[in-house]
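Comments concern the structure below.
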Amino acid sequence: MTPLIFVTGGVVSSLGKGIAAASLASILEARGLKVTMMKLDPYINVDPGTMSPFQHGEVYVTDDGAETDLDLGHYERYVRTRLSRKNSVTTGRIYENVIRKERRGDYLGATVQVIPHITDEIRRCIDEATAGFDVALIEIGGTVGDIESLPFLEAIRQVRTERGAEKAMFMHLTLVPYIAAAGELKTKPTQHSVKELRSIGIQPDVLLCRSEQAVPDSERRKIALFTNVSERAVISCPDIDVLYGMPLELLRQGLDELVIEQFKLRDKVAAADLSEWAAVVDAVKHPLDEVNIAVVGKYVDHQDAYKSVAEALRHGGLRQRTKVNLKWLEAQDLEGSDMSALQDIDGILVPGGFGDRGFEGKVQTSKFAREHKVPYFGICYGMQAAVVDYARHVADLDAANSTENDRQSPHPVIGLITEWRTATGEVEKRDEKSDLGGTMRLGLQEQRLKPGTLAREVYGKDVVAERHRHRYEFNNRYRTQLEDAGLVISGKSMDDTLVEVVELPRDMHPWFLACQAHPEFLSTPRDGHPLFIGFVRAAREKKAGGKLLKEARA
């Protein structure tokens with residue numbers, strides 16, 4: 001039976017439960033334990049796939065094609081374990097499962113209720129996702145006191161009651177606000193948050209106290225006294241300059257030791273080696289170079305919509321001790337402009353998106369990068385914009401477009417995928433009338449790279465696998481015509497049916513590459529990703545006047 005650490009949050013949302021949980025997981029992993037993580041989200045959507053990026057932020061895609069909360073991105077950036085749809089559970093999915101069972105007659109005529117049927121299904125999902133690991137960390141979304149979270153909190157209360165403290169730990173993240181006028185930290189919100197938890201039968205074992213500054217020992221003792229938590233289990237989590245330094249901070253305060261002791265894992269663990277995290281922090285704090293990258297997107301007012309893209313760009317810089325400064329630009333604002341917003345930029349990235357708003361701005365951005373020899377990296381919709389740009393302005397296919405934006409286009413160089421093969425070999429189909437949710441080409445897919453191309457050079461191998469999330473794809477009817485006009489198709493699906501990567505010849509442009517996949521989902525601070533490392537390197541070379549630079553590794 002896998003020991004479980006349940007992570008809850010109180011007082012306010014967005015305190016960083018995911019970062020805190022992932023940081024602890026990375027320490028336990030460094031101590032030799034096999035670790036996994038899980039997110040329980042209280043919203044009624046089955047998954048975030050159809051939610052607005054402005055409301056929810058990024059939809060993070062796993063290898064098996066699950067559309068999940070962006071916190072799973074945090075988890076995979078901190079631990080080596082690759083997660084799946086089992087690791088992301090919503091209220092919507094729980095109710096969907098229970099109602100399906102009720103319709104089948106699985107409950108034998110019983111009245112289906114929150115307790116025990118909903119809570120049992122939550123516990124079943126937890127057991128399924130965590131089996132076979134030495135320890136699992138499970139984050140409960142939302143804030144204690146939210147009505148939506150109650151079934152999840154009741155389920156984890158039951159788990160603790162049945163398994164005991166040696167198999168279940170409660171960790172509560174709470175806010176200790178600093179009141180400038182009084183010049184002091186206030187512990188009362190934390191006391192009330194714990195009181196709320198205790199009212200539903202949960203006594204925290206550990207408190208993580210988020211604050212602008214370190215919580216002094218006197219305040220920690222006060223919190224311990226009023227919350228019935230051991231003083232050494234009241235952990236200070238002050239604001240820090242580098243988030244990837246959080247594992248080092250939690251290790252310093254001995255949070256991992258609390259877990260080892262409570263779960264009696266002493267015989268399984270070794271000393272924690274966090275040298276990789278120390279190297280990451282050092283690279284962030286002591287860069288040798290810096291570049292300015294423009295990100296031209298549709299949802300830049302809510303930058304969490306591009307969380308993995310921003311992190312992957314920074315990771316690409318870390319591998320070269322280069323600080324990456326991001327300039328966020330709204331694609332729609334560039335339509336019909338003189339593109340002066342892209343002056344003094346060392347590289348341009350156009351990320352994914354959906355719908356016609358801002359698409360012409362992305363096409364215009366591709367044209368600017370192509371004509372001005374600025375390194376260009378297109379991802380998903382950014383690749384489709386690059387293809388449309390090339391078709392219109394180089395291949396003379398006037399009014400070329402994507403059928404997503406113009407179904408009457410005389411040259412639909414981008415069209416709806418109606419059939420594709422999944423990573424498991426199954427064939428999936430869809431049409432214009434299919435539901436939006438869960439009907440895209442999703443998950444890890446292999447692709448073969450063309451020898452002698454930029455993509456093959458950057459990746460360093462012939463076959464690579466990337467995660468996908470898209471409905472539209474390069475129209476194969478235009479392959480030959482665009483290749484004859486000079487466009488290089490450097491990556492294709494293994495069955496040769498789908499175009500995965502396009503680029504410009506090196507004699508036409510120093511670094512212009514666009515891919516249909518989402519490589520940002522496989523980038524980590526410790527390893528980076530070949531495409532992002534190559535893109536940042538190209539930006540450095542542009543800044544240096546086109547000189548080849550020797551890569552400085554973190």
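Every residue gets a Cβ built from N, Cα and C, even glycine.
Features of the protein shown, as given by Swiss-Prot:
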type     : residues                                               : note
ACT_SITE : Cys380                                                 : active site, nucleophile
ACT_SITE : His518                                                 : active site
ACT_SITE : Glu520                                                 : active site
BINDING  : Asp71, Glu139                                          : Mg(2+) binding site
BINDING  : Gly353, Tyr381, Gly382, Met383, Gln384, Glu404, Arg471 : L-glutamine binding site
DOMAIN   : 292-545                                                : domain 'Glutamine amidotransferase type-1'
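All features noted in Swiss-Prot, drawn onto the structure.
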residue	record	Cβ neighbours (10 Å)
Asp71	Mg(2+) binding site	24
Glu139	Mg(2+) binding site	26
Gly353	L-glutamine binding site	22
Cys380	active site, nucleophile	23
Tyr381	L-glutamine binding site	27
Gly382	L-glutamine binding site	27
Gln384	L-glutamine binding site	30
Arg471	L-glutamine binding site	17
His518	active site	23
Glu520	active site	29
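The shortest Cα-Cα distance between Gln384 (L-glutamine binding site) and any of the recorded positions Asp71, His518, Glu520 is the one to His518. If you count neighbouring Cβ atoms within 10 Å for each of the binding-site residues Met383, Glu404, the highest count belongs to Met383. Listed in sequence order, the recorded positions from Asp71, Glu139, Cys380, His518, Glu520 having a Cα within 10 Å of the Cα of Gly353 (L-glutamine binding site) are Cys380. If you take the Cα of Arg471 (L-glutamine binding site) and the Cα of Glu520 (active site), they are about 18 angstrom apart, rounded to a whole number. In space, Cys380 is the closest of the recorded positions Asp71, Glu139, Cys380, Tyr381, Met383 to His518 (active site), judged by Cα positions. DSSP assigns Gly353 (L-glutamine binding site) to coil in the three-state reduction, placing it in neither a helix nor a strand.
His518 (active site) falls within neither a helix nor a strand when secondary structure is assigned with DSSP, and so counts as coil.
For Met383 (L-glutamine binding site), the spatially nearest entry among the recorded positions Asp71, Glu139, Glu520 is Glu520, judged by CA separation.
For the L-glutamine site, the Cβ centre of Gly353, Tyr381, Gly382, Met383, Gln384, Glu404, Arg471 serves as reference, and the other residues of the chain with Cβ at most 8 Å from it are Gly352, Phe354, Phe359, Cys380, Ala385, Ser402, Ile414, His470, Tyr472. In this entry, Gly353, Tyr381, Gly382, Met383, Gln384, Glu404, Arg471 make up the residues listed for L-glutamine, with the farthest two CA atoms of the set 14 Å from each other.
Cα to Cα, Gly382 (L-glutamine binding site) and Glu520 (active site) are separated by 13 Å. Of all the recorded positions in the list Asp71, Glu139, Cys380, Tyr381, Glu404, the shortest Cα-Cα distance to Glu520 (active site) is found for Cys380. For the recorded site, the residue listed as 'active site, nucleophile', the DSSP three-state label reads coil. The DSSP secondary structure for Glu139 (Mg(2+) binding site) is strand. Annotated pair Asp71 (Mg(2+) binding site) and Cys380 (active site, nucleophile), C-alpha to C-alpha distance, rounded: 21 Å.
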